[in-house]
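The feature domain 'GGDEF' is assigned by TrEMBL to 352-484. Here TrEMBL flags 493-745 as domain 'EAL'. The annotation transmembrane segment is assigned in TrEMBL to 28-49, 55-76, 83-103, 134-155, 167-185.
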Amino acid sequence: MLSRIKQLVMLTEADLNSASVYLLQQSVLRIILISGLLLVLTIVIHSSWQAYQIRAWYIIAITSGFYLVLLFALYFSKKSLRLSKIILLLTVFGAGLCMLLFIDDFELSKLGVIFVYTAPVIAMLLFSRTLTMLVMLFNIIPFSYLLFGVGPINLFNISITLPATPAYLHSLLFLFFNLCIPLAVMRVISTLKRNAVALKQQNDIISQSNNLYEDIFDHQAKATLLVSSQGAILKANTKAKSLLRIDDSSGYNIKDLLKVSGNAQPCFWLGHEAECTLQTNPPIHILLNHLCRTQQHHIVQLDNITPLKELHRKLTSNDQKQNLWRNYDTLTALPEQNFFLQLVKQYGECKAGSLMVIVRLANIKAFNHAHSYQAGDELLAVFARDFQLAFIENTLTARLRGVKFILWRPMPEQSTSFSDEVLNIQRLLPKQLSLSTGILQPMYEMGVSISNHTLATPELMLEQCEAALESADAYTRPVSYYQADILEQRNQQLKLLAAFKKALQLDTPTLWLQPKVKPDGSIISFEALLRWQDDDGNFIAPDNLVALAEQYGFIVQLSLCVLAKAVTIIKQFQQQRFAYPIAINLTGSDLLCDEFYNTLIDIATHQPQLLSMLSLELTENSVVRHQQPLFNKLLVLTRLGYDIALDDFGTGQASLSTLSQLPVSTIKLDRTFLQNIPADQRQTQLIQSVMQMAKTLKLAVIIEGVETDIQRRFLQSLGAQMMQGYYFSRPLPVDHWLRQLGSSTAESSFAKTQYVAAE
């Protein structure tokens, strides 16, 4: 009954949240009409009865007529809102006029004028501002009559006065002023409040998005400008301001800052590419590149090519001059890969007794997010300078790509072994870098290839270095030597990588679900685990796929695929009314990627109903490795409504202070903690300590790897509330869970025998 009334007066959640003015006016009109009809019904019936007793048929006709008119207005409120509004407004004036003209008691007839005073409020709620002003002006006429009138008008000598008329009139005014109008105004205010909240939320989202895009623009790896067609600089990122020697982008024109070389067109910034010099400092050479046009504005990038110009000036060979642009890196002025390999061939022919080392700077992505991409470029440039100075004699150095640098040198005659020489190289690497952000102590990962025979080509040594580098880790194994089986392993990985990339394009990988349960087996939520079969039909371990994706730089592509599939599963669950959240596994680098991070923000913005059903799990090591930049991202996601868990807890290097700062709600205790319980007293005490610590930090604990009933019962005795493991269920396809949860016997609690049967 209540729901039908809400639908009739349009007070459902959808109606209240609607921004439609038409729906709002329709709801207000119906509230006034329905409340008025219900409240006045008693007055109409009683007055008609009194009129019947004295045979005053015209009174019955007048009261019934007004009531029927209101019913017609209610009827037309759905078909013709405008007509219904006009009927209501005219009815108010008509009722007031009847009181004024046909009540012979002057004091009572004045109440009709007071009733007409509600007309401007109704006009304001239902009509335009102009009509409201006209009604307000019109009400001056009845107001003047109240001031200067001396007696009742008593038109046509008709009187509608009854013994209970005073009670009728006062009741009518009370009901209209105290109930009908306030209810209508409350409806308007309720919608305004909801719209204000929604508007604030949208403004917050727009503000967050704007800040994000501002951050992306400001931290572009290159100097970037937004200019008008006339050359006025509308916006410049930090690197552009530094390059152009300006404090603020407003008020400048690109023509006043840059001087184009040669006979270029006047609007040189609109062309594809132009070489310029800085007006205030002509020795600074800048290459301007027009990227794109948006509406009437243009985005251009600036590259400082002064170091290359200087090298060009110093070189004498015409061939070297022609190849300079592609042979040297613009940021570091070091040789690029192909030129480096040519130099190695020319210098030493890779004779026996030489070594090649790739040096990779660790954790640079986190540094970029903590400071800026401009600071990251400064770091690379400073390192390249110190790197080159450290290996001046008898050594060739170059930049490969990204954060990888390379050196080649023959074995010195006084060196006793290759390992000693590698240790010497490691000692010569810069221990600290003086940057504008402060002193940085860099960490390195090194891949080493040793040439013991003259058949080793530079290309082969480079490939061996790359293969060795994949096994290096700044924390556990900073130096990795090439071994023969490494290259074979790498070739197998590349083969698997190609097959997996093709599988991603064909969308053949799937997600299987493993439940997280209470000790009694009641399902709480699920973890989504990647499953993919190779061409031989073998399932590839998800850990291997993730490691492969991280090594070869497509982890974000993989995680976007997993996220999309998880969202699809959640929607399937919601269609079946299954309220079980789905957790997906991510790496720290996923969240530091703008594309993936923006996808999560987009879900929170446009599909907020998914937030309570989607959980994000990050491994402890990935969180520790990226530190503060990742903390900031996690904090934003938590505020947006995401649930975040720390996976594989206890296997990484997170300190207690780090854990206390992380915006996570859950920690997942790694399966290695359960290997020897309950027999191992120390492990038992360790689990108890972790659970107590989590309780202190108000974190939930999920214990992974439960495989036996003994473990389950023992953990339950320790107070464990959530578990996960093969004892309860292996990961199973989504279709299995849809059938299982949808069956009449499934009440989200399953015995172990049921799982075995399902397998």
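The backbone N, Cα and C atoms fix where each Cβ goes, and this holds for glycine too.
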*Same-chain Cβ contacts of the transmembrane segment (28-49) under 8 Å, 6 or more residues past its ends?*
8-10, 59-60, 63-64, 67, 70-71, 73-74, 77, 81, 84-85, 88, 122, 125-126, 162, 164, 168, 171-172, 175-176, 179-181, 183-184, 187-188
_Close approaches to the transmembrane segment (167-185) from elsewhere in its chain (Cβ under 8 angstroms; 6 or more beyond its ends)_ = 28, 31-32, 35-36, 39-40, 43, 46-47, 99, 108, 111-112, 114-115, 118, 121-122, 125
*May I have the DSSP-based helix, strand and coil counts for the residues of the domain 'GGDEF' (352-484)?*
49 helix, 40 strand, 44 coil
*Taking the domain 'EAL' (493-745) alone, what is its mean pLDDT?*
86
